[in-house]
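Enquirer: Okay, so TrEMBL annotates it like this:
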- B:Lys119: active site, charge relay system (ACT_SITE)
- B:Ser194: active site, charge relay system (ACT_SITE)
- B:Ser218: active site, acyl-ester intermediate (ACT_SITE)
- B:65-516: domain 'Amidase' (DOMAIN)
Amino acid sequence: MLHRHLSTRKSVKGKECRAQVDGQDYEAVIGIETHVQLSTLTKAFCSCPSKYGSHPNSNVCPICMGLPGCLPVLNERVVESAVKLGVALHCQLSLKSKFDRKQYFYPDLPKGYQISQHDIPIARNGFVDVDIPMEFGGGHRRFCITRVHMEEDAGKLIHAGNDRLSGSFYTQVDLNRAGVPLLEIVSEPDMRSGVEAAEYAAELQRMVRYLGVSNGNMQEGSLRCDVNVSVRPKEDLPFGTKVEIKNMNSFSAMQRAIDFEISRQVTLHQEGQGDKIVQETRLWEEESQRTITMRVKEGLADYRYFPEPDLPEVILTQDYIDALKASLPELPDEKRRRYERMGLSMQDVIILANDSDVATFFDAVLEKGADVKMAANWIMGDIAAFLKSEKLSISEIKLTPLELADLIALIKDGTISGKIGKEVLVELLAKGGSVKALIEEKGLVQISDPDVIESMVDKILAENPKQLEQYRGGKTKLQGFFVGQVMKASKGKANPTLLSKILLDKLNAKQ
Amino acid sequence: MRAAVPFPRLLILRPVNTPQCRRLHTVKASQTATEPSKLQTNRSACSEILRIRKSLLSRERTAVEVAEEYLTRLQQTEPYVKSFLYVSDKVLADAEEIDRRLRRNEDVGPLVGVPVAVKDNLCTRDMPSTGGSRILEGYRPPFDATAVTKLRQSGALLIGKTNLDEFGMGSTTEGSAFQVTSNPWDSSRVPGGSSGGSSAAVAARQCAVSLGSDTGGSIRQPASFCGVVGMKPTYGRVSRFGLMAYASSLDVIGCLGSSVMDAAILLGAMAGHDKLDATSSKTEVPDYAAKLVPIEALDSKPLKGIKIGVIRETMGDGVDSGVISSIQASALRLEELGAALTEVSLSSFPLGLPAYYVLAPSEASSNLARYDGIRYGSQVPADDLESMYGSSRSNGFGQEVKRRILMGTYALSAGYYDAYYKRAQQVRTLIQRDFSKALDGNDILISPAAPTAAYKIGDKVNDPLSMYAGDIMTVNVNLAGLPALVVPCGFVKVGERDLPVGLQMISAAFEEGRLLQVGHIFQQTLQNLSFEAPLPNK
Ligand SMILES: [Zn+2]
């Protein structure tokens, strides 16, 4: 997680800049609808397990299959998750909201309608604060949230012989996903670039993970973004024709898709072909790195919304909201601000705070009394490199925060050298165990006794008279050679600061 | 606001000559009055459930014998009545099991051995459940409706599934995709609807009691047409789980029987909160039957202190004069029994019918979307999805259902929603308010259950508007979610035939107990009126 965040997003930097250069006189307006699949144990309106990856149609019952006579009963965990996210997004919560039916025919929709919330969502008028990564220029942004509402997911269609229903030999319906609870989060059209949009989505992902309401996994479809993009001449008030983009399964794809779409629309405007931008849904094609037309919208779909008569209104009490509010963990933005106050650079803040596992580890290390900057460096340096090469997440390593704190303390007080520290760390990461036991066992305690170091230096100088003469003749670069020799003799345990002081004294001693 | 009703006094107090309970061939005069009483029991008021229970517990008869009695009559009458879409092939086996349990002195439940018929829009796991629709022909649900589960747990013997207007949409049972049910009082007439099969089955004594559903009068109007008791409980009193939804905010499961006592026992067995229906109420369920007092135990003014309002808007134009005089006579009888009678006006009353015919079809258009031919029911294969949907639904649904889906789809469409659906909801609020005002000053409101007695089969098939107009007496009660009880109260003479007329009694929400108490007293004092339909094979 830690390394992926950095490496994959870097690659789009070039394209992002190009779009901005081309579009100097134009401005993109981006709004995002995000669907987050909640990680409740059971579905929204029945008691089927809400599990990903089960055998098709194994997590179904008469209710989520839409059999005649079946009725929905709301899973209270869905309301709880919605309230948590609503609070985290600084929304105004509706003490009284209701469910509505959104009606359309499709084989993955067993009842012929989706239970959703139409005119009275559970939460509205919120905002989210994000920090743009330093490699994209950094800076703070606030994006407004229009609404958060609860609804159920549809099933899944599996087509044979074509990737769409029309033209396939046959199509199978898997209803495992039907009735899985979703929160739909609708943003205001506040984003202006691919990176802002991707950062907004990434922040939502962090938020749902921090809150524990969803795993936010884009590949599994637990977090899906539909992005509306339009461009308009700068300083123009009316929005241009908006195009919806779907099918992006990573933040980096989102960023690339949006930037592609912006430059496509800007180019059309610049060529005087602005009227060729039509209201449509376009798909991001990963292979060709472009968006292609999926369907052109002919008029507004009429979903014939009306209040769901099978479910009572959703009534929230202020006490209930307050209790959930009090139970919320520290949220990503709060964490970033706290790290910033501790004196960490924005770069470090973002890396440490943006992965809740990393942040938890980091906080635990600090709690054991470790030096902030050293802890940050170890986590972002050697530990991150280890995670990357082993393809592990920080929650999977054997090193405990306590041991890292001990290691840092031992380096800081000079018991071991930083170099030894690195060696010990590799062992601790792979096998676990105690830092102290390990350095005792291997005799890795740093030699900090000046007398011992002095005698080692004396010995080396005596063994290398030729180099000593050259040094004293002006070839001062040989200092490194002597350091290396002493380190070799001490098996790396000589305190480097002490060593270099004593060595210099000896080398430069008046004859 | 309230004024005494100037009813002619001469209609009341006919000569008292009431035979004691004597139903069918087996029952002896078991309730011989021990003490002289001014009021005597009408035999129609005798409980069939208690009769069966008593004979089984005393070992006078076996459950198999009771079942055979009903099955035999069902066999004789069914060719004329056609009230069943399916007769269970397990009735005798189930009865044998009940007999075994009785022999082991097990706790058998309040409905032990009682043959119950179930409207076919209620799901039953061991019998097909079609909702009277071609689109569900042969469909067998994998579960029982909660009401059905509760009946089984109470020891009931499910004998079959009864005919109905497709998905409950209609008032004659002619809207069934499978057959036309006849009224046992006159086989050329409709039994009413949509619970026409369930009410005809009770009237023809093919079952002891039956389950129906009531969205706009579907229990009460057929009860009136067939001369049986029909109970439409408060919305939410009985779980709707397993009832094929027509209009979810109006649908209620209720019961039909020959006596108020039977309705009380059956309702008591079905009522209560169900975690599978979020709209089912947690209000406590009283022991309805325990509070029904035999007339012998009461004085001559048993309804003293009860305030009854006659709804003025239901007693005027468009209502058959024979129906009006039956209701007036009933009102006077209630007054004789001690009730204080007044006339009340519900000014919003006439708005109910149009509001109902916007709201019910709107919900229906949505509830019936699931019948798409994909997961169950009949499917017409086609080359593309749209055609498959189109053909399957066009082939599977009947005229009336299509008409209501179209009306409802229209009413919910963008640009029309405010003018139709939203406005109808406002009317609904008005109606609720008017009822609540009228019920502040009255314990019970009364009206006819239908403007006419049963009409001829075919009369309204091509005139849906006139069929809809027949629902005027009942739809308001659904819009307000209130309970209502229909008790046979008189007859209209049509040619040589006497056709039954029902009295509708309405109370505040969850006051079923009061309705049943008053209804029970009323029914017992019907004196020489007999509501036993002349069986077609006689
Ligand atoms: Zn389910």
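Placement of Cβ uses the backbone N, Cα and C atoms for every residue, glycine included.
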Enquirer: Tell me which residues of the chain lie with their Cβ under 8 angstroms from that of B:Ser194 (active site, charge relay system), as long as they are six or more apart in sequence?
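Expert: The answer is B:Gly132, B:Leu164, B:Asp165, B:Gly168, B:Met169, B:Gly170, B:Ser171, B:Thr173, B:Gly175, B:Ser213, B:Thr215, B:Ser218, B:Pro222.
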Enquirer: As a test of the contact definition, list every same-chain residue at least 6 positions from B:Lys119 (active site, charge relay system) whose Cβ is closer than 8 Å to its Cβ.
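Expert: Result: B:Lys161, B:Thr162, B:Leu164, B:Ser195, B:Gly197, B:Ser198, B:Ser210, B:Leu211, B:Gly212, B:Ser213.
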Enquirer: Ten-angstrom check, please: count other Cβ atoms within 10 Å of the Cβ of the residue listed as 'active site, acyl-ester intermediate', all chains counted.
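Expert: That number is 37.
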Enquirer: For B:Ser194 (active site, charge relay system), which DSSP three-state class applies?
Expert: coil
